[in-house]
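Taken from TrEMBL, the feature domain 'Myosin motor' covers 66-752. As annotated by TrEMBL, ATP binding site applies to 160, 161, 162, 163, 164, 165, 166, 167. Summarising the annotation, TrEMBL assigns region 'Actin-binding' to 631-653. What TrEMBL records for 883-1077, 1172-1240 is coiled coil. Marked as domain 'Dilute' by TrEMBL: 1313-1592.
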């Protein structure tokens, strides 16, 4: 294609002063030779940008490639593309990690992110780098995996500016190794390795203007692993500690953290002897003016530092020695040095801090005060003591402080290394290098020179490694290898370290007594200016020099180079410190200290050639040479390992979270080698696609003819040759296609053009169809309008008066005519219908009549036939039932006799209790008789009162009759006098009074009915009592339940007595109330006094008073009759109870006789059984004797035959024959004895022919090991589950437990339970990864536990037992403690069972749930860059959703076959579904390439498959579906719109199972969310900050009690169990 073709209406990058690069869109085609490029910026401004035709602006990548995980996946590889991709990921998607080939670019977010928990570590563990989003854990996992796979040492090189996050990144890598390689045998090694970080940070980190926790030294930590790749120890090397910080800090900076931690804890009693104060009181800690870091508690950090010291085994004494040295340094800094003139200085002997310094280090104070202000110059002839000026004395003091701290730092590192030492041999190691990145400041000195020198060496090693990897990739794919021009910084390294280089000239100048920085700089000018292109002299300065490093030009100030390189302290001060009585201080300054190298603690650095030591102390090693040697050793180590690179980037200098300063980032990208990697990749074939990925992505560009070819690799080649004419733009490898820069963008343009054409075609067709449909609708509407309009017009034209009349007349005629015709037709139809109905109804009636006659006869026949059949069937059933009843009763009688023999002792005790109860009953009956006598007496009194009442009432009646006669006479006389009006008024008054009387009468009637109801209830209760008494008499015949029934009778008797007493009281009270009411309510004199004679005559006009009186008499009679009947009933009941008590006493006496007889019989049976058992014990001995005698007989016969052949005489043969005869006789006697014994046993066992088992297994104590071996250890589940009851081994074990309980042998039972539990533990331990075995023994342990509960005798577990099962309960022992042990064991087996299932299915989850695409047309692969995905689309070994469902079905079927309880099975399925959902969701969070609408559709489809599986297995009630709810909501979130505020509200309402961090992660990953959208709504969703679900979470398991339905007496032991030595009892 034409290279200028892509500069047609495309987007480019143009330089910008603010943002470094700015995006612009070409508005006019660019033609060859044009000097301007017409573009439009993103803000809408148009611009004519001047361009050089030979170097056109870089093109912008298509949108599909924006935000990629790997920068090498970009089609256009250049600086603006890298910057833009990093900015999009960091600012919009909040992703801080990005790959750039083999480099991990880590941008400091300046904010705590929830992406470093243990769940994230486990999510990355075992994964390939290309499968997950970029992360520091992915790099650590890659290093760990390569170490384990290749047995080769690894290195992780973490570099970057101060404040970029190097220390944190190194700390996370070490934490990852400590987590994934945890050792079970030495669990605290990982903790010790991690504990080394807080200590080294305390003594080696400080606050700077760029970073609150800046590492001021380089560190290389080797983490050692054994052959099983578990951490066994570690070792640490340090490089170039910034000692000048001890004595000097710039503004807003601090000294090392440990000083401030010590000052913050100064008031504690344990530090009082250090005589410290606040940090503001000491010169060395207040120079920067910032003694406090916001949000940091130095005192709490001091406690943490002490804890880590203790964790590493560094005791309190060691810690106090270290703190002494630190306190001494602080006090030394406060020593006041006064100037004495211009050339002298002095220190007061009363200086408090000097005395404290000498006291802490146990030094001579006078000597120290003298030699801090003087120095000794030793010449060949004499020694001169020369005073120093104040400035020189201050420098000497500061040099001493730096020297002490340097030795202390090395000593602490050495002790840490000793604590991390390991006794065994190191197999492999992973080194983590946390070293300073390239630095350039306004003023650069010796420290920056050494740092940049180290970075030059590391960059060279990095370039060679990248070049090597590229070469290996090309060779593996059989791509022609062409030499790529890359920057080689060897000339800069030679400039620094070669012979007569900068470092050697510096060392040479340091050896001179009067060497100066200016002299050294002049030598540099003379040797390198205009001779070496990488060295320059500044134009405006004579005290600086410039070196062209790989990243940038750096100007160094020569001031202080010599002093820092020498790092000298006056010899006299050293001698004073050597004389210290404080052992730590004295050891530091010995001639051969423990560790003289400040850069390689505990590492012996040996040069390649021996170094000659000069006797002159002035020729000691300089800092530069030490650093060069340690750096060369580091490079040797790194070259011997496989390196992995982490480049930390500082996004801004203000430490603002997620703020991206393009200038600063671009500067760091150039300095750390990322852009160099990009440049190397861009020169070759940076874009690499597998054939399958290319086919899946660009199949839309292929023709039907090309797609018809079966070989996809061949299709890709044909398509590429057609689409890209230049064959140099791509190469075909063995598994991949390699593209030059820009070719993928060109293919994406062709693909988008094809999609645009397809969309345009679809839009054209759809729009045409819509327009045609709209046109047809308009046409129909127009025709309708026209039709109505034309009709109206013709109507208007045709309508006249005559036409209207004619029309109306025609309508009327038509109406009458049509009505006549319709009526005529209706009459004809009606007549016909009636005729037809008559004939049909008659026919049906006759047919029904005939049928009824026939059916009636058949019914009669059927009745008699069915009756005969029913009678015959009933007779047969009755005979059959009688036979069954007879046999059953015989069996029941036999069983009852056996049970009676077992329960004799208990019944005797119960009978004694019954006798005592009988005596009590007699007493109560006597009491009842006395009460009856009282009642009869009361009855007589009531009868007398009744007679008196009758007599009184008769007298009253006579009086009333007389009065009535008198009233009639008076009435006749008064009728004339009384007026009608008065009569009516009086009549109304009388009527009212009569109504009142009638109301009272009604009340009496109601009371009467109530009394009748109560009496009926009493009669009902009495009938119930009679029924209960009848039942009790029946139940009294049942011997085992006699005691319970008698107790019930006693309680019922008491209740009856109570009821009788209460009813008597109530009847007495009611009778008294009735009599009172009768006597009080009818005060006739009062009534008479109130009534006049006329009123009385009128009142008794109809005899109403007589009727009322008669009603009262009847009521009293009824009450008396009820009372008498109730009394008779009570008397009868008492007589019945007395009769029952007598009958029961007779039954008891009869039972006692029976019991005595049965006891005698049982005693005889016991004696016979004991005799038979003793004889049975003799039988085995007899059998052994017979066998021995038979063997002896055979031996003798053999000897006889041998001797007969040898000897000719008869003497010896006769002896042998006699012996044989004797043996034969003995054998015959023994055989006869055995026969007689067997006959007697058979005779004794003849009555018990129907042998019945009681659900026990008889065994001997010495058989326990055989039982456990055969039933537990050697048993195979597959041989048991076929045609066997669930939990058969558990039932057999429990039957053995029952036998031990039956024997009442505690030792035997305890031994068997312990051996059983140990056997289950052993088989579970031996088969800890065997799913079937764990499932089998989880089921059996559960059944064994349930058996112990079911037959424990506790009521709560016996509710569902049969009576027979209740009889099988344990009798003598409580096994609740063993139940608890078995419950704990079952939980342990369940957890191991779940772990095995999770391990078997976990590797299928991500490929099956996320990666595999079962839906047609949803594949959307994107380029993956250097870090390729591990799985391929067309890989036949890839796991699918079907694989997961098949594995779940296997788990389900195995658990069902092994008889696992349904509740446990549901809990296991719920745990598995939670794991599937959590692993899938976690992987989705960590894979931005999976966050798309199409993938959300696929996930929801997979969830539906799993729900269908649950439905198919009838497991909907397991709550497993709810565990997939977070995954379902996340999949829905990928598909839903995320634009408006309504969308945000819908997300908040729907995503209830996701935390805010999870929702935001999805929104950022999908890339379709604006800042205003999420800030206003989503952040209010919830307060949780968890990103990852804990895949190790286990739901609480519960073991529900389900009683076994299997009867123990029916269980048989299969022969396959090899338990023939057990016998069923």
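Positions of Cβ are set from backbone N, Cα and C atoms, glycine also.
Bear in mind that TrEMBL entries carry predicted annotations, made automatically and left uncurated.
Here the Cβ of residue 160 (ATP binding site) has 27 other Cβ atoms within 10 Å, regardless of which shown protein chain they belong to. The DSSP breakdown of the region 'Actin-binding' (631-653) into helical (H, G, I), extended (E, B) and coil residues amounts to 9 helix, 8 strand, 6 coil. One way to see the shell of the ATP site is to take the Cβ centroid of 160, 161, 162, 163, 164, 165, 166, 167; the remaining same-chain residues with a Cβ within 8 Å of it are 108, 211, 214, 215, 437, 648, 650. Summarised as a single figure, the pLDDT of the coiled coil (1172-1240) averages 55. Each of the binding-site residues 163, 165 was scored by other CB atoms within 10 A of its CB, and the lowest score goes to 163. The Cβ of residue 162 (ATP binding site) lies under 8 Å from the Cβ of 208, 210, 211, 214, 215, 436, 439, each on the same chain and at least six residues away in sequence. Counting only same-chain residues six or more apart in sequence, the Cβ atoms lying under 8 angstroms from the Cβ of residue 167 (ATP binding site) belong to 201, 205, 213, 215, 434.
Around the Cβ of residue 166 (ATP binding site), the number of neighbouring Cβ atoms within 10 Å comes to 28. Around the Cβ of residue 164 (ATP binding site), the number of neighbouring Cβ atoms within 10 Å comes to 26. Using a 10 Å radius centred on the Cβ of residue 161 (ATP binding site) and all shown protein chains, the other Cβ atoms total 25.
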